[in-house]
Amino acid sequence: MAEAEELCALQQPTGRILAEPVQNDGKDEGSSSRKRRVQRSLEGCSPKRRLPILSWIRRYDGEDALSDLIAGVTLGLTMIPQSIAYATLAGLPSQYGLYAAFMGSLVYVFCGTVREVSIGPTSLMSLLTLEYTAGRPVQYVIVLAFTSGLVELAMGAFRLGFLVCFISVPVTSAFTSATALIIIGAQLANLLGLPRGTDGGFFATVWNIFPRLRDTAVGDVSLGVGCIVTLLALQHLPRLVPAARNRRIHRLLWYVSLARNALVVVVSALLAHHLAGGGGAASVPFRLSGKVEPGIPAFEWPVRGVSVNGTTTTTFLEIVGELGSGLLLVPLVAVLANVAIAKAFASDGVVDATQELFALGLCNVLGACFRAMPTTGAFTRSAVSHASGVRTPLSGLYSALLTLLALGVLTPYFYYIPRATLAAVLIVAVASMLDLAIVRRLSRPPAALADLLAWTVCFAVCLVRGVEVGLLCGMAVSLLEPLRHWVVGQGRIAGATIQNPPHLAYRRVRPEVGLLYPGVDRLRTTVLTEARQHPDLPLVLDCERLVALDYSAVRTLRELADEVARVGGAPLLLHNVRPAWCRAMELHQTDQGYVFHRPEDAAQ
């Protein structure tokens, strides 16, 4: 599996369906609703709710500790090389990816609710970070992580996790597929041993490589291609000995396959160190990563300015202004990934989305205080934890300690990691993101044409103008289909009889979904047409399937009742109206249904 699959699980709905009582007299409804809101607010602020570790740590035993140790070490061997590669993808020194991996793993131990979830740098976060901070000082990356965490905390406080429902599956697929191509295109230069070019979209990046192909370094190409082949071979290594034939050997090969990124990086670094010998980096036939700062930086609030060229100082607010739409898009994508991954691995299928938002927000806020890049949940690493038999979120502690060990002891050897190897790790990791087969499925029923259009628009715009614009355009196009059902709503028309009074015939109009201001004109036309065709029959507006009303719809219905009465003389009756709506619409109940209350009715 590839790291970039973290958004492929976003096909599951994250909203809630609330059941309304069939009958309600409406008394004390507002008071009880306020009491429920206050009670939920108090429960949401309890330490057990916001620090889930207080609940499960009491049941922690030795068997859990051993399982978490194995899972944590296995996860750490996967996380360290990936974090280095993702920092490189974001245009940062390698240590910034390790800072993010350390803080994300550590904070989630205390605040996380799903034991399998692994918080840290990902390919999507790296690409978005590069989009908004390319060519700028590192302080911009730290501020981006800090503000993203604040936005995620605010989303958790206001329970805005439902916003991810507005990103459909076709848009998610197009977004991840385009992201995979952009990442592969960005890593071609490192794979070929070429200097990094300008970042101007996928096509500009790839086109910029063609004139420089004559400068390709044979050493980088040979090493990069060899690493890709090795990674692919190790990925399928467990298939050589199925578990049914020999379970122990299969398990051993499975662990080797999980650690393939670490193995390839270590072997490449040892090869570079051997070739360097006494001649230094100049005697190595491929480019190296360079010096990496050891240790975790000191705590520092990321609200200070930054000096550019040693003269001009850019304040924190100016940095925030320059980040622009990244302040919303980066946390939105992070929430989208994290909540969906949590739902994919939750044992009972129920996820506290609000707590996950708080956990992710704290990971980014506290991580920014230690110079970390933006983070979110990673699907591949979460799958590794699940397959390793993780028992509790405490496994993240062992991953964090392993990352800290790498920062404190191994950083001198990170200098010898070839860039071509990191490019190979990234290319293989995101290769499975390409989901072009969905186009064939979207072209067949029951998929709608709007789904195929949304996928095409999102995919094309992401490659041409960038992932943030493409995601917004895809969301806008995907909303056309539900908007069409609200604006051009369908109304079923049928004839029926009422037994009391006996044999009284009427015509019934049943609006579908909801009745809001965009759809009231169509309903008016339908009702008046029916009233003119059958002027002697009462007309019934069945509100059984209505889920929403607004002021415009209420006012239009009142005017429509007068028009129906003028056209045919028979009143407009309303059936199956919610009690709360009856009060808001000032309806008067009769033997045949609800009618709009008039002052003359009271006089009579």
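Just so you know, the numbers here start at 1 and follow the chain as drawn.
From the backbone N, Cα and C atoms, a Cβ is placed for every residue, glycine too.
Any TrEMBL annotation is an automated prediction that lacks curation.
Among the features that TrEMBL reports, region 'Disordered' is placed at 1-42. Residues annotated as domain 'SLC26A/SulP transporter' in TrEMBL: 67-444. Taken from TrEMBL, the feature transmembrane segment covers 69-89, 96-117, 137-155, 162-186, 252-276, 326-345, 357-374, 394-415, 422-440.
Remote same-chain partners of the transmembrane segment (326-345), defined as residues 6 or more beyond its termini with a Cβ less than 8 Å from a stretch Cβ, comprise 6-7, 9-10, 12, 14, 113-114, 116-117, 119, 122, 124-125, 128-129, 131-132, 144, 147-149, 151-152, 155, 161, 163-164, 167, 172, 320, 351, 353, 356-357, 360, 364, 374-379, 382-383, 386, 468, 471-472. The stretch with the most CB contacts under 8 Å to the transmembrane segment (137-155), chosen from 162-186, 357-374, 394-415, 422-440, is 357-374.
Relative to the transmembrane segment (422-440), the listed stretch 69-89 leads the set 69-89, 357-374, 394-415 in CB pairs under 8 A. Panel annotation: around the transmembrane segment (394-415), residues 53, 57, 60, 64-65, 67-69, 71-73, 75-77, 79-80, 83-84, 94-95, 98-99, 101-103, 105-106, 108-109, 112, 115, 118-119, 269, 273, 281, 288-296, 385 of the same chain, lying at least six beyond its termini, place a Cβ under 8 Å from a Cβ of the stretch.
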